[in-house]
Amino acid sequence: MPNGNLQVLNALDVARTQWYHFTAIIIAGMGFFTDAYDLFCISLVTKLLGRIYYHKAGSSTPGSLPSNVAAAVNGVAFCGTLTGQLFFGWLGDKLGRKRVYGITLLLMVICSLASGLSFGRHPNDVMATLCFFRFWLGFGIGGDYPLSATIMSEYANKKTRGAFIAAVFAMQGFGILAGGMVAIIVSGAFKAQYPSPPYFKNPNGSTVPEADYVWRIILMFGAVPALLTYYWRMKMPETARYTALVAKDAKQAAADMSKVLQVDLEEERKQEKPGEKKGNDFGLFTTKFLSKHGVHLLGTASTWFLLDIAFYSQNLFQKDIFSAIGWIPKAKTMNALEEVYSIARAQTLIALFSTVPGYWFTVALIDKMGRFRIQLMGFFFMTLFMFALAIPYHHWTLPNNRIGFVIMYSLTFFFSNFGPNATTFVVPAEIFPARLRSTCHGISAASGKAGAMVGAFGFLYAADAIGVQKSLIILGVISFLGMLFTFLVPESKGKSLEEMSGEVEQENGNQTQGGQQSSTEIRIAQA
């Protein structure tokens with residue numbers, strides 16, 4: 001008779017797509033909506049923070065954040081995210097996915113609100129409290145990566161698993177879009193209510209006192225979607241794969257699966273043989289893990305690291321690039337609220353026409369094309385368009401060619417999302433053993449956030465020191481390296497999680513070593 005655990009997992013692999021799958025996508029996806037909103041909305045308000053808190057009397061240009069403060073404000077959330085990915089990834093394997101899932105969301109709600117309430121008498125005090133709360137906001141966001149990916153992969157059937165995990169991640173695009181739209185609405189409303197002259201006409205009057213509310217409202221809005229999904233997240237049962245393979249309770253796994261997947265299951269107890277070994281449970285820091293999955297972990301971690309250097313540099317500094325080519329007017333020709341509005345409008349257009357469609361192209365095609373081909377293609381076109389922008393850079397800065405620059409720049413976003421930005425999230429949730437899946441996804445994601453920190457901190461200084469053109473060339477080289485490291489990552493299309501991780505052989509091997517182990521046989525009842 002087949003092992004009971006494998007029967008549970010086979011039932012999951014062949015289960016038809018049903019309403020609960022889409023509910024899980026929304027519940028997990030709203031976490032990613034919030035993640036993206038919180039991580040990227042800061043880039044919409046950094047110039048406003050500079051005008052409010054670092055204005056210099058008599059200066060011909062508006063106040064701006066000092067380089068070290070700007071790097072801290074932009075990058076501190078990534079430090080928290082990296083830490084959270086490692087910690088919650090490990091905790092998700094130790095305590096179970098569901099038990100840890102609500103903690104991350106509560107952290108995001110509390111710290112989003114606290115970020116908007118940042119206080120202090122002096123500018124540096126306000127920036128310090130903002131950075132403190134954004135670090136812990138990032139810590140909560142970090143936990144959402146391995147937990148959401150692992151939960152969705154363990155609920156899904158093998159035919160549409162890639163699309164379901166990618167759909168969770170695709171909510172990030174809507175989060176970026178929402179950030180721009182909220183900033184447009186808030187800055188537009190305040191601009192209409194509190195009109196003020198541009199900076200060059202009246203430096204002091206161009207930033208009205210009420211502008212201090214604008215950035216706070218934009219940051220605090222990130223708590224709303226997270227709060228709305230907290231109840232439903234707490235109602236989700238533990239995944240059957242964790243219960244069956246890690247907790248070793250196939251009977252409970254069947255009961256949980258029956259509640260949510262509308263599958264009738266019959267259970268039959270089998271006789272236990274005393275002293276039977278129940279699994280080949282090698283750990284993360286073992287030679288066996290290194291031989292079976294070491295190259296895979298290197299592949300997922302390195303490609304995510306390289307991707308995020310390029311992706312986050314583009315997102316956080318697109319406002320500087322658009323200013324450099326003249327798509328956003330010079331700061332001194334606008335008042336503070338007009339500048340927020342212009343930056344938000346540019347980011348919203350990029351998100352609407354390239355970022356969001358790119359994610360959903362991946363959702364539609366990942367189970368047809370496969371993860372490997374999409375990731376390789378994405379890195380290739382990112383490399384191509386980066387060099388196409390960088391080499392004739394002077395050409396793109398001419399007034400008649402600026403629209404062409406924006407289109408080319410948008411295509412780099414499109415192919416990062418219809419490419420490695422989605423697949424680097426999907427693959428680590430599919431190729432590692434259940435007992436290490438959340439941990440390995442957390443390690444891969446943390447490598448990505450290390451890349452994001454290189455982008456947030458390194459390229460802030462690089463753009464100032466070497467200019468936009470050379471920065472784009474470096475990003476092109478990084479994208480090319482990502483294409484090479486993609487060859488370390490296996491294809492998981494159409495395979496069960498247990499096939500990819502090798503747990504099928506382990507379960508079968510344990511069963512044939514003599515005697516019958518304690519388990520629960522699960523059979524799908526025929527109507």
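In case you wondered, yes, glycine gets a Cβ from its N, Cα and C as well.
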Ranges in play 76-97, 318-339, 406-427, with TrEMBL marking transmembrane segment at 406-427
Checking feature assignment: transmembrane segment per TrEMBL, candidates 241-262, 351-372, 439-460. Which range matches?
439-460
Grab the same-chain neighbours of the transmembrane segment (213-232) for me: Cβ-Cβ under 8 Å, and only residues 6 or more beyond its ends, written as numbers and ranges.
23, 26-27, 30-31, 33-34, 37-38, 41-42, 44-45, 48-49, 52, 102, 105-106, 108-110, 112-113, 115-118, 137, 179, 182-183, 186-187, 190, 337, 340
Count, for each of 20-46, 100-120, 126-143, 164-190, 406-427, the Cβ pairs lying under 8 Å from the transmembrane segment (376-394), and report the range with the highest count.
406-427
To what whole number does the mean pLDDT across the domain 'Major facilitator superfamily (MFS) profile' (24-494) round?
87
